[in-house]
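Residues or ranges marked as topological domain 'Extracellular' in Swiss-Prot (evidence: sequence analysis): 17-530. Annotation comment: Swiss-Prot describes Asn24, Asn38, Asn54, Asn97, Asn181, Asn301, Asn499 as N-linked glycosylation site, evidence class sequence analysis. The transmembrane segment feature in Swiss-Prot is assigned to 531-551. Per Swiss-Prot, topological domain 'Cytoplasmic' is recorded for 552-566.
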Amino acid sequence: MKTIIALSYIFCLALGQDLPGNDNSTATLCLGHHAVPNGTLVKTITDDQIEVTNATELVQSSSTGKICNNPHRILDGIDCTLIDALLGDPHCDVFQNETWDLFVERSKAFSNCYPYDVPDYASLRSLVASSGTLEFITEGFTWTGVTQNGGSNACKRGPGSGFFSRLNWLTKSGSTYPVLNVTMPNNDNFDKLYIWGVHHPSTNQEQTSLYVQASGRVTVSTRRSQQTIIPNIGSRPWVRGLSSRISIYWTIVKPGDVLVINSNGNLIAPRGYFKMRTGKSSIMRSDAPIDTCISECITPNGSIPNDKPFQNVNKITYGACPKYVKQNTLKLATGMRNVPEKQTRGLFGAIAGFIENGWEGMIDGWYGFRHQNSEGTGQAADLKSTQAAIDQINGKLNRVIEKTNEKFHQIEKEFSEVEGRIQDLEKYVEDTKIDLWSYNAELLVALENQHTIDLTDSEMNKLFEKTRRQLRENAEDMGNGCFKIYHKCDNACIESIRNGTYDHDVYRDEALNNRFQIKGVELKSGYKDWILWISFAISCFLLCVVLLGFIMWACQRGNIRCNICI
């Protein structure tokens, strides 16, 4: 019986230990990190979806709906195209000698002069747009033996007939149209753009009535190039009461070169030249209104902020713009891995460290300490490790923007039907570039997110190791991000651990003494299990012995009779 009582006592000791941290001679210190109830999912190299405490959207998916007029100089074409303004269509005279960073063409733009075509329309439009000016210099061309300043009722300038202000329509004088041969040297130090044309009458009668000869010819040349155009006489669809046409051509004369014009009819002569400039001006088709505001990036949909590295508003852009990508969203992690805090902590509200979960409500830092000692419980952030992580993360967004935002413009591409295959090839190249950039963007963000999560995890581990090195043998790692401190550690002591001034030698003797005393009573879970099993086995054995003894005693007294048959 004494043995049973002794074993029962040991069993009670094994199960009746005090909870860690409840002894006034010890304390518990846990390390943890910030957490939020609902984090943001981001993509990394190793995970398609991983939850973080905070993330920043990198794709701009909407515009302001208006074009800002600052810092770029915006020229609203209103109802004029750039080429009409270049030629001097009467209703576009307000654009003479204008300059711009971005010329905005509207869908309502129309021509209101002699019907014309430009065989290389896209190139001329792009050339003039990039020059950023319609500055025109009149030159004294001498046209002998012909009538100048021809006009048409299809091109009204005021009440009377008119013509393009930058072109001079030459017709016969009397009954003759002599061969014209005019030269104009470029003695300046800049390129000169000459616009000229060829008239295509609708009938042979119109041809001879204007130019005498049954067929004219126009040749314009420089030392670098030559163009010879033969008029195509024939009826075309009626436009503004005319079935004849004018074809517009252009020639660039370099400094030191000479412009030579030779013709025996059908010449639409230049009146001077446009001064060419090099720059990054451009043109854009858009119906977005122009407003007084500031934006570096402009799309046909309107201006967009350029504080993000990517956008999927429009492929066509002007200014310092985010790269166009196909994704609607790409999120950059700007916080750490999120592990929401568990609502229950077991018996008596025990605290836990970062290995189990994060801590919600820690608003003054990303990393911190929680403690439980004789004075109660408390929490404080570790600002040094928090700042170290923030400093490295803050530069990520700016670095991504610097890598992707460039001051360039993606212009619209136009090709004639003859160049359909070139257009298809160009579209394929553009689509491939977008696919490549979209893939690169996703990969770049995934890499940065992986680095951010690894970085924040590393800072947590650094703080834990720093605390471990301070405490040394004065505390025991509990395996969940917490330390059990084997000496009395009040709030001042806890603060010294947090700020790195803790002196473990001061508490060493007390910690060792308490550790031995506690270990003498506390039984580790492994030994406790062994003792429980041994106690159970011995108790069962003694119970069997007592039962067997009772049976033998009863048999001797005759109370029980046992017959054995063979």
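Quick reminder: no glycine exception, Cβ is built from N, Cα and C everywhere.
Overlay of Swiss-Prot feature records on the structure.
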residue : record                      : Cβ contacts under 8 Å, 6 or more apart
Asn24   : N-linked glycosylation site : Ser374, Lys488
Asn38   : N-linked glycosylation site : Pro340
Asn54   : N-linked glycosylation site : Val36, Gly39, Thr40, Ala333, Thr334, Gly335
Asn97   : N-linked glycosylation site : Thr133, Leu134, Glu135, Phe136
Asn181  : N-linked glycosylation site : Val260, Ile261, Asn262
Asn301  : N-linked glycosylation site : Ser63, Gly65, Ser286, Ala288, Val313, Asn314
Asn499  : N-linked glycosylation site : none
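Over the topological domain 'Cytoplasmic' (552-566), the average per-residue pLDDT in this prediction is 66. A strand conformation is recorded for Asn181 (N-linked glycosylation site) in the three-state DSSP classification. DSSP assigns Asn499 (N-linked glycosylation site) to a helix.
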